[in-house]
């Protein structure tokens, strides 16, 4: 009975399919990506925390993004690198660890949208209602919208993973480089129509709601710029919103490619690569794009160097 319980709680993860000759190269590449992403994101958080000139709602809300990027890279890359040197038949993970990994994988994906939406709201208030900005964007308001940005993903993902955990399992191999909701419910031989439907609705809703809110926000900003015809205002809008839009597009394209390929089994290898890149590219580029494009942060970085 003990052996049966043990076997039922241990899963085999597919991991990265690399040849022994390429193992060291892939490991070094992933390691450098991880160190770069972690260094940039942690560095930005520390910079904003210690520099009083950066203690503004815009920068505090931005901190949600590097925190989320740290979660996104840490939840898969260390384990992925560790498993590169193991044989395919030795890449084990416990069921509980797999659930935890899947939970934070989806937290990262969802919070990427909510964090960027809160930043867009801040820019809208700053540009459309500059005289009321300090009244609206108080410390209490920043805490409130940040809490919402994290609470929504936490609740929705908990429901989605909960629907998967209730299923019995008849398989023990994760057909993915890491654990996610789809790879977990595919371990079951039961009817998973509800899980599949919830996953599709969840993905479409996250993408469509964030796109809609971003679109409405920037339409309002553009409208204000056109109506007021103020060169200083237009310049401010381009500088502050340009980096935000760039960061959003990086995240959106990476996420959309992964979701799109998930629906076509013949492109399973491409989808697996895209899913890994989603945890590497945005976390690595976000701090660079936002840091270099934001004047106050760029000036502080230049002074430090």
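Cβ atoms are placed via backbone N, Cα and C, with glycine included.
Annotated in TrEMBL:
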TRANSMEM  24-48  transmembrane segment
DOMAIN    40-290  domain 'G-protein coupled receptors family 1 profile'
TRANSMEM  100-121  transmembrane segment
TRANSMEM  142-163  transmembrane segment
TRANSMEM  200-221  transmembrane segment
TRANSMEM  241-261  transmembrane segment
TRANSMEM  273-292  transmembrane segment
Contact call for the transmembrane segment (200-221) and the transmembrane segment (100-121): at least 3 Cβ pairs under 8 Å, seq gap 6+:
yes
Express the predicted model's confidence over the domain 'G-protein coupled receptors family 1 profile' (40-290) as a mean pLDDT, rounded to an integer.
86
